Amino acid sequence: MNIIGIDPSLNSTGWAILSVNDNNYNEIRLVNNGSILTSNKKTIGERLNKIYSELLNILNSYKVDTASMEEIFINKNPKSSTLLCYARGILLLTLDVACIPLFEYSANRVKKSITGNGHAKKEQVCFMIENILNIKCYGTYDISDAIAVAICHIYSIKAF
């Protein structure tokens, strides 16, 4: 089964494809990851279109079965929250167009499932990702956050 974890952002949407063995949920493998980058010099419509088209291409290329994303949170800055909502909206639309079910988790649940601590720092989450997947946690936090939410989803499936 292929699961995509998504960390939404209008500037840099992180994504990670994890593959898990249907018979052994402890066999988790990182297939690929990256960021969908948009320029703030473009219109919001152009930026959302880029997120839509790139994510749709990723979903089709990797035959994704399910998606996971952190639940929305409201930032103290209303403009930042609004831009995040735009990005989330286009991500939800893209997943719906591709007929991929979405599972959402709170940030605290993601951190707790990965580290055992719902208030863990990003460095602690990266450390655990390295141990779980036997990889070097590199790149930006948008990618590690995407990996973390995908692992959280796998652990949630495994619990049932």
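Each Cβ is built from the backbone N, Cα and C atoms, and glycine gets one as well.
Worth saying up front: this structure is predicted, and the values here are computed from it rather than measured.
What Swiss-Prot says about this one:
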ACT_SITE  Asp7  active site
BINDING   Asp7, Asp142  Mg(2+) 1 binding site
ACT_SITE  Glu70  active site
BINDING   Glu70  Mg(2+) 2 binding site
ACT_SITE  Asp142  active site
Active-site residues compared (Asp7, Glu70) - highest count of Cβ atoms within 10 Å: Asp7
Asp7 (active site) - helix vs strand vs coil (DSSP): strand
